[in-house]
C-alpha cells in the first residue's frame, strides 16, 4: 500500500470554493447591476448554472483518464504540438489574470487603507507570499486552501447576514430587470468560476476521482451562494442606480454597518478578510500558471517555474496605466479565459467520444 | 560544524527581523498630529470674498458658480473629553474644538485652502455632521456630494442637515449637555430618530434615494431657537438634486405615517366637537401602499393603520369615558390624518419631489409602464406630479391613560 496523501471529495470542493471566491468580490455587484439591473440575482444564478455545465466536460475527462491532468491527455487527444500551443495560451491566461488580480489588490489597498504606501510595495508583498506558497505540491496546495477557507467564508457570511435585515425587497424587483439583460453579463458572471479549472490538477490526487464532479458542484455552489447573498444585500440595500455609482459596493456595505451605534467602520476589518480571499484566488491562478509551465518544460516540480514566473507577473501587473485600463484588460482576459478553460475541455471531450468509437470499431 | 552555521543563520535572521521592529510604523501619524474635522458648515460666501481668495488650487481659472464659505470644527487633541467632566459650560466650547473658516469655489477647493492654513493634515474620518444652509441646498447638492462620495474617509453614516439660518451659526450652538458642540448636534438628531421624531436618514440613505429614478431624497431641516437650542423644523425635500421645499414639524409625522415608519413620536391636537380639544399620541404605524395603473396612469392607494393613546383633554366639560366617545376621537383623527397626508402629497407633487418612493413601487411592479414612460429620472418626477392619490387612515386608540 502506498502511503501517498490524497484529497477527499469535500476537500477538493473547498479548494474550488476558495479559488473561485476572490478578488472580484468587491466590484462584482457593480458589474452585475450594470449589465442586468434588478435582474442581477437571476444572472448570478445563471452564472452558477453555466459554470456547472461548463466544467462538466473537464470533470468527466478526469474520470476517464485516471491519474492524468488535462496537460497529459490533451496531448493524447489532439496531438503533441497542438496541445502545446493551447497550453502556452493557458499559461498566458493564468499569468495575465494573476497579474491583474495583483494589480486590483494593489489598487484597493492604495485607495482604501495604505494611502501612502507605494502600490508596488503591497503588490510585491502579496506576490512574494503567493510565490513561496506555489513551491508546494498539489496536496499541500489544497491543504493551504482548506486552512484559510473558514477565515474567509465565515466572516463574509457574517457580514452578509448583518446586512440582510436592511434589504428593501422593492430594490430587487422586477426579477427579470427593467431592461433587457446585457449578454456580456452572463460571461462576467460565468468568469467568476474560472478558478474551477484547478480540478484537473486535483483529480489525479483525489482519493475518489469518480466523485470529481461532486466536488465541482459543491465548490461552485458554495462560492456561488456567497456571491448571490452579496448581490442580494448590496442591491437590496442600495438599489440598482446607487450600486452602479459605487466602485466597490461590498466595501460600502461593510463601511455602513453599525453595531449598537458604537462599533462602526468595519471596512478595515473587511479588507483584512478580503486579503485572505485575494490570497487564495491569486494562489490558484499562480499555481496553475506554474503548473502549466512546468508541464510544458517537463520540470519535475514547481520551484523553478514559480520563481521563473515571478518577474513576469510583476512586470505585467505594472503595465496598466490606470484603473480604467486594468479594467479593460481584465474584461478581455475573462473572455479568453472562458474560451480556454471551458471550450477547450469541451473540445477534448467531443474528440474523446470519437476516440472511443474508433476503439470500438477499428 | 553544521549546527554552528545553522545557528549563525538563525541569529542573522533574528538580527534582520529585529531591525525591522526598530523602525516602527514608517508612515505612522499620531492622533495629536492630525486635524480631525468633526463637522463642517457650508454657507454662501459673502460677495467680497473673491478678494480674499487664497489661490491654492488654481491661479487664473474662475470656476463657475458662487463661492462657498466653509466653517470646520476641528477637534483639539487632549481636550475632547471621553467621559463626564465637571467643567463649566463657558470654557468648554472654546477649548474642545478649534473653529476655522475658509472660502473656496468648491468643497475640496475650500478644504485645500484650509489645509494651507493649518499645520496638521486634515482628516475627515471623524466627520459626523455636515450642515448646509438652505441657500446652498437650493443651488443643488450634486457638486458637494461628489467630493464626499469620492473620499474614502467619509462615512455613509454622516448626517447632512439643512438649516434655514447660516449654517455656521448652527455649529456655534453650545448647549450645556455636551462638551463638544458637534456631538450635541449629532446626539440631538440621533435621539430624534430613536424617539420617532425623524426618520433614519443619514448621508448614505439620502444618496441612495437620490440615485433611484423613482424616488427623491429629503434631509432634516433644522433651525436654532434661543442661544443654545436646535429645532427639528421639518423635512427639506429635493428634486433633481436641488432643495425644492420644506415641511412643518407635524408633517414629518404625516410622512412617517405614509411610509409606515416606527416608532410613532408625534402627538396631534384635535378639536372634537362636544369633547373639546384632545391630544392623541401615535405609537405604532403600519402602512400598505398599492399602486395600480388605471387608464394608463398610476393610481396610489394608501392604507394607513395607526395605534395610539389619548394623552390629554382640555376645554371641555365632558370626559372621554365611553367607547363611543373614543370612536368619535378616532374618526376625527382619521379625517385630520387624511388631510395632512394628502396635503403633503400635494406639496411634493407640485415640486416634483417623490419622497415617498412611489416611483420605485411602479418600477418594481409595473415594468411595462415604467419601460414605456420613464427614460431618465426627470420623467418620473413629471408623472408623479399628476397622479391621483387615495388615502385612508384608521386610528385605533387602545388606552386613555390613568384617568377615568
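Count begins at 1; order follows the chain as displayed.
Any Cβ shown, glycine's included, is placed from N, Cα and C.
Annotated features, as they stand in TrEMBL:
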type     : residues  : note
TRANSMEM : A:38-61   : transmembrane segment
TRANSMEM : A:81-102  : transmembrane segment
TRANSMEM : A:108-134 : transmembrane segment
TRANSMEM : A:146-164 : transmembrane segment
TRANSMEM : A:184-204 : transmembrane segment
TRANSMEM : A:216-240 : transmembrane segment
TRANSMEM : A:268-289 : transmembrane segment
TRANSMEM : A:301-323 : transmembrane segment
TRANSMEM : A:335-354 : transmembrane segment
Distal contacts, the transmembrane segment (A:81-102) - CB-CB under 8 A, six or more residues away: 22-23, 71, 74-75, 123, 126-127, 130, 194, 278, 281-282, 285-286, 288-289, 292-293, 295-296, 309, 312-314, 316-317, 320, 326, 329-330, 333, 336-337, 340-341, 344
Per Cβ pairs under 8 Å, the stretch of A:108-134, A:146-164, A:216-240 packing most closely against the transmembrane segment (A:268-289): A:108-134
The transmembrane segment (A:146-164) and the transmembrane segment (A:216-240) contact flag, 3+ Cβ pairs under 8 angstroms: yes
Maximum Cβ pairs under 8 Å to the transmembrane segment (A:335-354) - stretch from the list A:38-61, A:108-134, A:184-204, A:216-240, A:301-323: A:38-61
Interface present between the transmembrane segment (A:216-240) and the transmembrane segment (A:108-134) (three or more C-beta pairs under 8 A): no
Recorded stretch, among A:38-61, A:216-240, A:301-323, maximising Cβ pairs under 8 Å relative to the transmembrane segment (A:184-204): A:38-61
